[in-house]
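According to TrEMBL, the feature transmembrane segment maps to A:20-39, A:51-74, A:95-116, A:128-148, A:160-181, A:187-212.
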Amino acid sequence: MDKMVAGHSAAAWKKSGIGALVGAIVGAGTVAGLMHVAGTDFIDAMGGSRVALAGVAILYLLMAAFVGFGLAVPRTGARLLNVADADELREERAGMGRSVIVMGAIGAALLALALARTPSFPTGPVPAQAAAAVLALVIAGGVAASWAWRWQYDELNRQLGIEGGYWAFGLSWIGLTLWGAADFLGLGPALTAIDVVTTLAAMMLVGAFVAIGRRGLMMR
Amino acid sequence: MQNRVRDCREQAGWSQGELARRLGVSRQTINAVETDKYDPSLPLALRMARLFGLEVRELFIDHWMPEDE
């Protein structure tokens, strides 16, 4: 029995490791490729805060792409994603499909915001009004979808949502309070409005991973 | 909390997906309960016990004992 448990644990570690490695390679490759395409001048013009927001946006988009790929090709996807097997991807297609839509929409809205044309970034390729419209659409759509899909999630999903939100709020509160106080006291870098957006978006992801990880659900 | 859900499910000849369908939850939830990563809500625990024809305390094992007065 112990050997079976150890064998399962080793397999779970191996699977998680492969998934993390592929994610890291694809993520790093995507970011490097985009930075190459954008060019150094463009990245410099964006500034640190926009680049950080774009980075978080790309994380959301990559996660949506990974899950979407898994749903499209369950057998390969099961090796990369945190699921028991390919059948789980087939059985949970509807729920995971909703996650793909939500993560993709959030990523697109954040990316539009990062690339928005403003006085501080006049070469931004996305008109400010368009970025605002995309963001408003995604938020309105998110609220409507949350209402429409409220019975589609079972109790584990809801519990993980609550725990993820708890961690996201706590970490955001600590981070933004310390950063804001440091800025106010002249002891640290300025906290801009876009940094708040980036921090909240990033902490939503971190909170979700903490909630999942604390329950041991990162390895299946 | 330790439980006998996997044993009962296998005795019934059901897959995780089949049990999930019968209980109206995701397969992920059944997997998490069986591997002791998630304690189900009281309504779900009651439904599981009813489905297997058991009492909740026969399905979920809690070693807690009240302290002597």
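Here the Cβ of each residue, glycine as well, is placed from N, Cα and C on the backbone.
What TrEMBL says about a protein is an automatic prediction, not a curated fact.
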Stretch among A:20-39, A:51-74, A:128-148, A:160-181, A:187-212 sharing the most Cβ pairs under 8 Å with the transmembrane segment (A:95-116): A:51-74
Distal contacts, the transmembrane segment (A:187-212) - CB-CB under 8 A, six or more residues away: 49-50, 52-53, 56-57, 59-60, 63, 82, 106, 110, 113-114, 160, 163-169, 171-172, 175-176, 179-180, 218
